[in-house]
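As annotated by TrEMBL, region 'Disordered' applies to 1-27. Sequence annotations record features per position, and here TrEMBL assigns compositional bias 'Basic and acidic residues' to 1-10. Feature annotation from TrEMBL assigns domain 'AB hydrolase-1' to 66-354. For S170, the entry in TrEMBL reads active site, nucleophile. The feature substrate binding site is assigned by TrEMBL to R240, D364. Look at TrEMBL and you will find D334, H363 tagged as active site.
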Amino acid sequence: MTVTRDEPDTVRSTPRPSGAWRPGDPVGQRRFVAVGDVPLERGGVVPEVVVAYETWGTLDADGGNAVLVEHALTGDSHVVGPAGPGHPSPGWWEGLVGPGRPLDTDRWFVVAANVLGGCQGTTGPASPTRDGRPWGGRFPFVTVRDQVQVEARLADALGIRRWAGVVGGSMGGMRAVEWAVTHPERVARLMVLASTAAATADQIAWAQPQLLAIREDPDFRGGDYYDAVRGPEAGLGIARRIAHVTYRSGEELDERFGRAAQGGEQPLGAGGRYAVESYLDHHAGKLARRFDANAYVVLTEAMSSHDVGRDRGGVPAALARVTATTTVLGVDSDRLYPVRLSEELAAGVPGARLATISSRHGHDGFLVEVDQVGAHLRALLDEPPATAQRSV
Ligand SMILES: CC(=O)SCCNC(=O)CCNC(=O)[C@H](O)C(C)(C)COP(=O)(O)OP(=O)(O)OC[C@H]1O[C@@H](n2cnc3c(N)ncnc32)[C@H](O)[C@@H]1OP(=O)(O)O
Ligand SMILES: N[C@@H](CCO)C(=O)O
């Protein structure tokens, strides 16, 4: 496996989204709350779960202005703001949260939490168990429904009975739709981006070689590598390469990289790489430095098991329970969560509005096209909250 390293961007890079965090904008402060023992859908219990979360803005006295932002697979609670203590990376949705921004912190109390099974503060495979050792390979199978159960406990702890909005993309969109189906009375507005009501065979298929790459890495050691000199960074890097290709459109890769060789290296065939290979190596190395392989496995398996219709009479019956004012957004170039999945979601949620984000960036368009996302978010939040509370 090629060892990855930081290289200069020798090929045209994506312009950064407008409206990055500015000095003076609110800085989310990471906090932790204990939410107790969590029984799991597939059996077993995760004892003494701790949730890491950040907030921006001020909660109304009646707790009615809270908006939950749900992160995707490798995101975390740090939606906006500079890197710093507890935040190895800058925010993943810069430009969306702050005074006057679509998630206007003069009006909304914005909450984002790291997911159950993750690796950025919330209980996950690297967390210690009661015997003092990390969970490692013993961490149980969790579902998106389990993750939402934990977030509901966070909402209870914060005094939020009903979210003014729940917003999420990709894996975050899975949690958002699961929230609106499980707790329709607690979600006034819903925005689901580049996501699906149930994982498709295609998505499960793309996940399988990623899981194998990690599990077959000899340094994975069945998930018990925390005390070892080396962890399964090579396997995690391969998983990220596979995933990253599915996150971008083929047209974008062709336009940006073509058949160019990576500059400053040996010629192709003599140790050099294609620029697109160097780009994938870069993203692989970056993820391997900031993410835990066990968490990647746990969260990927949770995504593959996602089905809001499970034990609810199927997807249409489940989606019919939603009472939130809903916007569903697909990205026109997304090959992993194609627009037809957004269409199916929108068709199933009563009164949902469907829109398309125009982007050459594929699935990652929901992260990159901040201005388009922001316009839809602002419009949704300006709508009166859903009042209908259909009995379920
Ligand atoms: C900013 C963060 O890392 S936030 C971390 C928290 N988690 C997340 O954000 C998860 C979601 N985020 C992501 O998945 C990604 O970071 C995205 C979607 C935001 C990336 O989207 P884009 O902004 O379009 O980045 P893009 O795919 O163009 O990659 C740019 C990077 O590739 C590098 N690159 C471009 N071409 C090449 C090349 N030929 N060889 C090597 N590296 C290259 C650039 O130098 C740049 O590096 P940097 O990110 O370290 O500055
Ligand atoms: N690039 C995103 C896409 C997942 O949907 C992430 O890493 O979280």
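For all residues, glycine too, the Cβ spot is worked out from N, Cα and C.
In the three-state DSSP classification, S170 (active site, nucleophile) falls within coil. Listed recorded positions: S170, R240, H363, D364. Those with a CB atom under 6 Å from ligand 1: D364. The recorded positions near ligand 2, defined by a Cβ under 6 Å from one of its atoms, are S170, chosen from S170, R240, D334. Cβ neighbours of D364 (substrate binding site) (same chain, under 8 Å, six or more residues apart in sequence): Y247, R248. Mean pLDDT across the domain 'AB hydrolase-1' (66-354) comes to 97 in this model. Spatial neighbours are here defined as Cα atoms within 10 angstroms of one another, and by that definition the neighbours of D334 (active site) among the recorded positions S170, R240, H363 are H363.
Comparing R240 (substrate binding site) with S170 (active site, nucleophile), their Cα atoms are 16 Å apart once rounded. Here S170 (active site, nucleophile) is positioned 8 angstrom away from H363 (active site), judged by their C-alpha atoms. Most Cβ neighbours within 10 Å among the recorded positions R240, H363: this distinction goes to H363.
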